[in-house]
Amino acid sequence: MSLNAFITKETLDGSDDGPLSGKTVAVKDNISTEGLRTTCGSAMLEDYVPPYDATVVELLKDAGATIVGKANMDEFGMGTTTETSAFGPTKNPVDESRVPGGSSGGSAAAVAAGEADLALGTDTGGSIRCPAAFCGVVGIKPTYGLVSRYGLVAYANSLEQIGPIAPTVEDAAALLDVIAGPDDRDGTTRDAGADSNYAAAADGDVEGLTIGVPTEFVEGADEGVEEAFWAALDELEAQGAEYREVSMPSVEKAVAAYYVIAMSEASSNLARFDGVRYGKSGGYDGNWNEAFARAREEGFGSEVKRRILLGTYALSAGYHDKYYAKAQDARAWVKQDFDEAFEDVDVVASPTMPVPPFELGESLDDPLQMYLADANTVPVNLANLPAISVPAGETDGLPVGLQLIGPKFGEETIVRAASAVEN
Amino acid sequence: MTAQALEQRELAVVIGLEVHVQLETATKIFCSCSTEPAEDEEPNTRVCPVCLGLPGALPVLNEAAVESAVKIGKALNADIAEDTRFHRKNYYYPDLPKNFQITQYDAPICADGTLEVSVEGTRRDIGITRAHLEEDPGSLQHKGGSIDTADYTLVNYNRAGTPLVEIVTEPDFRSPQETRAFLAKLEEVLEYLGVFDATRDGSLRIDANISLVPADEVDDDGSISDEALEAANRTEVKNISSHKGAEKALAYEVTRQKNAIKRGRAVEQETRHWDESRGITVSMRSKEEEKDYRYFREADLPPLQVAHWKEEIPIPELPDARRERFHTEYGIDEESASKLTSTKEVADFFEDVAAEFDADLAATWVADNLLGELNYRDMHITDVSDRLDEFTRLVELVDADEVTTKNAEEIVLREMLDEGKDPDTIVDEEGLGKADDDEIGGFVQEAIDENPDAVEDYHNGEGGALNFLVGQVMQKSKGSADPGTVNQLLRERLDE
Ligand SMILES: [Zn+2]
């Protein structure tokens, strides 16, 4: 049985020569590919074929990569298990009774199973790092503004970034080198990364590196996950790094703040799917509001509807200050906590996910449980920081990921530290 | 206060405007599509992933639109924001490709300005609350009826993404006439700034808020307390597209509201639609009461720091200042100065002519002759801007007495406009070169020789005889002789 890692399997050849020539790449299906349907894992866009390439897809082709298909994902990125996809769940290649994590589950599963050498995922609240951790591969969520989002179908545009998934830190860093850098078509990109050499930073040299461990990130983690985490830190210490506990009280509010902001933005970003210009049509009966409603009722799955409704509510007059504005305050507080932590330490470490991969179907009925699993990843998106998840042992035969968070545009530091974990 | 009480009192009109101005930038506000409709363009052809709101497309702000907004802010004496940012205004409408409009909310680029208008000699400052940038939606075509009755509606996104500046005034207008004067003045200023093309269809769109308040609530300086404004029910009139339309729509609303109050009925707080062809406003009943647009920050567009642009971006001399200067510098009377500053192009043209000739002569030729003939032909100064040299040559011919004023006005200028010829060619072809005195002397002698009766009458003291002879000479010279000179030469010859 296949893992169902791809929604669409089709090969797009890149240029003849480049740093990725000979490499196959799976592209998450919320990244636009000219002439190749881009569904976002949604029935809404089942037949949507973009007339243009995302900037990262152009960069992949220029670098000589061969795109081998569009990877499965939670619908519009809304999920932690890849089970909300309208195209069925993806199985975890490590244990096919388990989820691969999400929302970039197809990308991570394809890499872990060798169905692609590399993959692009997107990370709004952990969607690259979670599946990388669950599938035992490496995933990088870049600093907000390092990689162009042009062509990435937005879920929560102030939080998300496109990033690499690969079997090794060096491979992931090499893919980041290809996609990083400013883009005229995305006004939020910065000059950083234009002449990057992240792959060269994967030298395993952690001599003198200080690692901060926020107690808030470790408490409450599954016992086996915690053991693997401390073992990895001891290993880094043995290679010359030192670690100390730091306190980040703001992260207690991070999950709540993240979901309010992400859902609010989603309610607006997904408004364009009304069946008028593309996507599932609502037909021609009744007035246009009725046609819009039909398209959205039929096109969206229940998790997407839940988030749009909650986001609409959070932005509404009378509730805006209570929810959206408060969430923005919490976001500023999280940023501040990280700023303070980085005055004393070079990187911040935590288990990527507090739990091992769920059983298929386990979390679908309990969205809140699923949201809480993002506790360690969402603070990074709120603070616009870079983070990497690197395999760090196992618990009961299931992969555990170590998350290393760096300061803004500190991708080299986290790549270096993560490469030492592989030693 | 009850309607009964209100009907006993004198009422004052309170109007505020929201003016949407399409900016004349080369490209749209967030993409590189042209803003200029191509001739006979097909619907949905002047579009791209960005202005169609395709999934994944991102807006990138057009610097030229920001520059235009800064210029407008300067011209309106407004503050240019230290930090300006964009928000999303969320609502579902088929002309909005993303079902939200990118606009500005709590940090508009310009705030707190004024524009002076004068109506029948009374000058008033109209307060400008704010002016902000936003994107224009596409346009809808209702087939087979109005919005409520149409069989179906077609959408054209060619217009979507055209940059708009929305200028919001204080409720400072006290009559429909004032709104018209304001809009004319505003348009003049915008054209001077070169940010606006009045000839483009739909380039100026106006919404008006109007209410009637007891006249004794209005202070001597025209200000009204917030309480009085709150107490009055206000209607919003939409779909106004011209100065004249604004005056008519608001005059209609004043009458309608006064009548309602006179009959003891309350004015309903509602949105009304100006139906230009019927000359009435119509209630937009089915419309929702108070919309909740769920404004929030547009994260795809970073905040902008543009306050320093105010110093860096120059604006031209504005119409009022230029009018005043024409009066003082060239000694031109107010009426001509007004004509000569009606558009920046006319004023520039005049100053180019005035640089070479006496200002009075230049003013007469530009303000009276040229503008008059252009107007008669439904032409504009811009149609002849590149023929400044030819026009200057015409004035030169008159100034040097080589063509008579009459011929220059009635023949040369008209043929220049109608046939596109240059003045020297016309003078040659029509033989209009002013005859010299020798030539006229010859015609005078001929006239005397050919009309012995008239000569005799002259000597007998008959006044009409001289005029007859002058006419004969003029005919021979085909009008190229100066009548004064002919008169003088005839007398000399006859009195010898
Ligand atoms: Zn466009």
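The first residue you see is number 1, and the count goes up from there.
Any Cβ shown, glycine's included, is placed from N, Cα and C.
According to TrEMBL, the feature active site, charge relay system maps to A:Lys28, A:Ser103. According to TrEMBL, the feature active site, acyl-ester intermediate maps to A:Ser127. Under the heading domain 'Amidase', TrEMBL lists A:12-414. Annotation comment: TrEMBL describes A:80-107 as region 'Disordered'.
Long-range neighbours of the region 'Disordered' (A:80-107) within the same chain, counting only residues 6 or more positions beyond its ends whose Cβ lies under 8 Å from a Cβ of the stretch, are 1, 3-7, 26-29, 39, 41-43, 46, 71-74, 113, 119-124, 126-128, 130-136, 139, 165, 301, 303-304, 353, 357-364, 370-371, 373-374, 397-399. It is 5 Å from the Cα atom of A:Ser103 (active site, charge relay system) to that of the residue listed as 'active site, acyl-ester intermediate'. Within the same chain, residues at least 6 positions away in sequence whose Cβ sits under 8 Å from that of A:Lys28 (active site, charge relay system) are A:Lys70, A:Ala71, A:Met73, A:Ser104, A:Gly106, A:Ser107, A:Ala119, A:Leu120, A:Gly121, A:Thr122, A:Ile162.
Around the Cβ of A:Ser103 (active site, charge relay system), a 10 Å sphere holds 35 further Cβ atoms from the protein chains shown. Residue counts for the region 'Disordered' (A:80-107) by DSSP state, with H, G and I taken as helix and E and B as strand, are 3 helix, 3 strand, 22 coil. Taking a C-beta cut-off of under 8 Å and a sequence gap of six or more, the residue listed as 'active site, acyl-ester intermediate' has these contacts in its own chain: A:Met73, A:Asp74, A:Gly77, A:Thr80, A:Gly102, A:Ser103, A:Ser104, A:Gly121, A:Glu160. Look at the residue listed as 'active site, acyl-ester intermediate': DSSP puts it in coil.
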